[in-house]
Amino acid sequence: MTITRAITLRTILDSRGRKTVEAEVRTEHGFGRAAAPGGASTGIHEAAVRDPLLAIADAQGQVIPHLIGIDSSDQIGVDSLLHEIDGTDNFSGIGANVAVALSLAMAKAAADATNIPLWQHIGGIFVDSAPRPLGNIIGGGAHASHATQFQEFLVVPTGCERVRDGIFANAQVHKTVYDLLKKRGIRAGKGDEGAWAPPISDPEAFRILAEAISLVSDETGFEISPGIDAAASQLYDPESGMYRYRDGTVRSPEDQVTYIADLIDEFDLIYVEDPLYEEDYEGFAALNREAGNRCLICGDDLFVTNTKRIQEGISHGSANCVLIKPNQIGTLTDTHEAIHLAKRHGMETVISHRSGETEDTTIAHLGCAFQCIFIKTGVVGGERTAKLNELIRIEESIYERK
C-alpha cells in the first residue's frame, strides 16, 4: 500500500512571487503533496537552498530514481536515503528545498495510504491538543522597509480554551491595530507575512499593540499576550560587536540583554525570539537567566532546527524555547530529532512558517503531532489562513476523539 510508484517535482510560486519546489508522491494506495517555503530573514547555518529549476532538473536523474520502490511509511529510511544521495552535511548537493518537499510528501502519501490524517500518522494516540496561534500583527525588519526596527510584533491568545477562538481573536487584534493606526492618521501597507508595516518607531508599535490587545481581550473575555521577533542578527555589526539601531542608538551585547529584559517587564512580553546575534550563546544565556522564568526566550537563527546547535544551546543554557522550521534542516526525521532533543531538556517548541509561504498546510499537522506550544503562521493572507483553517479542522478532530 505504501510503496512509492511515482514522483513529480515542479516549480510553483510562493507568496512573494518567487519560484519554489513542490513534490507529489504516489504510492499504491496513497498520494502526498508538499511544497518548500522560503525565508527572508535566514540564519547563516540553515540548510542550503538551490535554484528550484536547477535543483529539480538534477533531481530527475539523481534523486527520484532512487526513491521509486521505497516504502513511504519508512520515514527514517526515506530521509536517510535523501542524506545519502546528497552527500553533504547541509543539503547543498540536492538542495534543502527539494529534500524537504520530498520528505514531507512521502509522509503525507504514507498517511493517505492508511486513510488517516498526517497529524495522527505521526503523533498517534498521544495528540490531545493543538498549538495556540502566534500571530504577526506589526512587522518591519527584513519583512518590510521603512517600518519598525524589530521584525515582528506578535500576539498569542494565552487565555483561550479553544484554538479556534484564539485564531479569531488574533484576526481581531490585526483589524484593531489597523483601526488605531488609521485613527492616528498613519497609513500602513503590509509586509511579507501580512502584518501591518507602518512608518512608526518600535516604542509606538508596542503602545499601539498593547492598546489593541486590551480592547480585544475585553471583548473576547480571555487574555491575549504580546511577543516579539527581534531578528537581532540584522542589528548586529560584527566589526564593532555592537547592535546599531536606526535612531542612532548603539548597544553593547550587555546593553542589548538589559534592553530586551526591560522590554519584557515593561510590556509583559511572554515570547521573545532572536533577541541577540545568532552566534551569541552566552548573551542568550544571560537573558535566559534574567527573564526565562517569565518569558519564552526562543532561538531561531541561533538554532536553525539543527540538533548540534540546539545541543550547544543546551550546554550554555541559552534558551528555553526552540523555533522549528522543517526547511531549515531538510527532512521530517531531522525535524523530529530537533523537537525531541529540545523537549527532552525541558524546552518548549514552536512550529513556524516562513515569510515566503505556499498554501501547503503541513506545519499545522506537525504542530499538533509534535505537541508544540505555539504555531507561528501569521494572521491573514491565503497562505497563512490555509494553515490556520486546517488547525481549526484538526482541533475539531482531536476533540471528537476525547
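From the backbone N, Cα and C atoms, a Cβ is placed for every residue, glycine too.
Keep in mind that what you see is a predicted model, and the values were worked out from it rather than measured.
Features of the protein shown, as given by Swiss-Prot:
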- Glu193: active site, proton donor (ACT_SITE)
- Lys325: active site, proton acceptor (ACT_SITE)
- Gln151, Lys325, Arg354, Ser355, Lys376: (2R)-2-phosphoglycerate binding site (BINDING)
- Asp229, Glu273, Asp300: Mg(2+) binding site (BINDING)
Lys376 ((2R)-2-phosphoglycerate binding site) in three-state DSSP notation: strand
Cβ neighbour count within 10 Å of Lys325 (active site, proton acceptor): 26
Pairwise Cα distance for Gln151 ((2R)-2-phosphoglycerate binding site)/Lys325 (active site, proton acceptor) [Å, integer]: 17
Residue with minimal Cβ packing [other Cβ atoms within 10 Å] among the binding-site residues Arg354, Lys376: Arg354
Close recorded positions near Asp300 (Mg(2+) binding site), where close means Cα within 10 Å, chosen from Glu193, Lys325, Arg354, Ser355, Lys376: Lys325
Cα-to-Cα gap, the residue listed as 'active site, proton acceptor' vs Arg354 ((2R)-2-phosphoglycerate binding site), nearest whole Å: 8
Spatial neighbours, same chain, of Asp229 (Mg(2+) binding site) - Cβ under 8 Å, 6+ residues apart: Asn136, Gly141, Phe150, Gln151, Glu152, Leu154, Glu273, Asp274, Asp300
Alpha-carbon distance [Glu193 (active site, proton donor); Lys376 ((2R)-2-phosphoglycerate binding site)] in Å: 11
Among Gln151, Ser355, the one of these binding-site residues whose Cβ has the fewest neighbouring Cβ atoms within 10 Å: Ser355
Neighbour count (Cβ, 10 Å) for Glu273 (Mg(2+) binding site): 28
Mg(2+) site shell beyond Asp229, Glu273, Asp300, criterion: Cβ within 8 Å of Cβ centroid: Gln151, Glu152, Ala230, Ala231, Val272, Asp274, Cys298, Gly299, Asp301, Leu323
Nearest-integer angstrom distance between the alpha carbons (Cα) of Ser355 ((2R)-2-phosphoglycerate binding site) and Glu193 (active site, proton donor): 6
Cα-Cα distance, maximum over Gln151, Lys325, Arg354, Ser355, Lys376, record's (2R)-2-phosphoglycerate binders, Å: 17
